[in-house]
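Single-structure report; data block below.
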Amino acid sequence: MARRSRRLEEQAPGLPESFRLRSVLFGRQAGARSPGGKGKENHAIVDGRRLRPRRKRRRLQEETRELNFTFQGRPVRCLCREPRVYAVDGFLTDAEVDHLLGEARGAAFEGSYTEDDGGNRVVSEQRTSTFFWLGKGADVRCRAIEARAAELLGLHAECVEPLQIVSYTEGQHFDVHHDAGTWNEETGAVEGACSPLRIATLFVYLNDLPEGEGRTEFPALGLSVQPRRGMAVLWPNVDARGVPEPRTIHKACPVAAGQRKFGCNVWITDSNLSGLALLPKPKKKKKKKKKKGGGKRSKGASG
């Protein structure tokens with residue numbers, strides 16, 4: 001895990017905004033040293049009883065700037081402090097949203113699935129959404145989206161998986177799962193994490209939905225997010241050690257009759273995936289099984 005952490009550090013271009021978000025998302029937890037390096041504790045929640053009024057105000061100001069700031073002119077809001085979950089308003093422009101929705105029209109969506117140890121597709125009753133992949137760096141707009149997502153964490157676009165468009169129609173859903181591995185409901189652990197490791201997920205909503213429809217829920221955090229066109233939700237799939245963070249399990253709630261939810265999964269990994277741009281689209285596998293739950297990391301929708 002230390003090697004993985006060093007790899008992430010080497011990939012960071014040192015941009016102030018992105019470095020700040022990456023550090024608070026993965027590395028700066030309660031009790032960590034402050035950015036000034038003077039040994040002061042950087043508490044996630046300020047305890048006013050232990051701080052003098054002036055120090056308290058200064059700490060609260062620092063906390064506010066850390067939790068709510070802007071990235072390339074886009075408001076970034078903290079939805080959960082521990083682990084950090086952020087909303088990025090207007091992450092995609094209207095033109096970019098329209099472009100992705102245009103790609104979705106007439107696309108060959110397929111049902112979400114996992115793969116067993118033999119590489120065969122396993123269809124699960126827990127995930128009924130559909131999806132399709134865009135090629136890595138498929139066009140200028142896709143490349144811009146990949147680069148923006150990576151820059152948000154201070155990484156390079158090569159670390160971003162090909163964009164995945166997901167769709168939910170009436171009654172379709174994706175039950176509780178984890179993007180870095182398989183969540184074990186009995187133990188609460190995330191198992192089977194593999195390379196490339198999805199260190200963070202950026203899920204972008206491509207359309208508005210009526211209040212309460214198609215929400216993304218984080219049951220362990222008591223957090224529920226309402227879809228809003230162009231807005232992204234960012235969360236870590238690993239902790240500061242590079243170990244899967246079980247508290248970011250999440251699910252996609254169903255939509256009602258007459259509604260359809262579109263979203264875009266942007267998975268940021270710990271690996272250089274630039275070679276995927278040279279590969280043809282994978283062929284569908286013939287063997288299929290039906291199984292309730294289980295399986296390896298999902299190949300389908302997330303939020």
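Using the three backbone atoms N, Cα and C, a Cβ is placed for every residue, glycine included.
Automatic, uncurated: that is what TrEMBL annotation is.
The annotation compositional bias 'Basic residues' is assigned in TrEMBL to 281-303. Positions annotated as domain 'Fe2OG dioxygenase' by TrEMBL: 159-270. Taken from TrEMBL, the feature region 'Disordered' applies to 278-303.
Residue counts for the domain 'Fe2OG dioxygenase' (159-270) under DSSP (helix as H, G, I; strand as E, B; rest coil) come to 4 helix, 49 strand, 59 coil. Across the residues of the domain 'Fe2OG dioxygenase' (159-270), the predicted structure has a mean pLDDT of 94.
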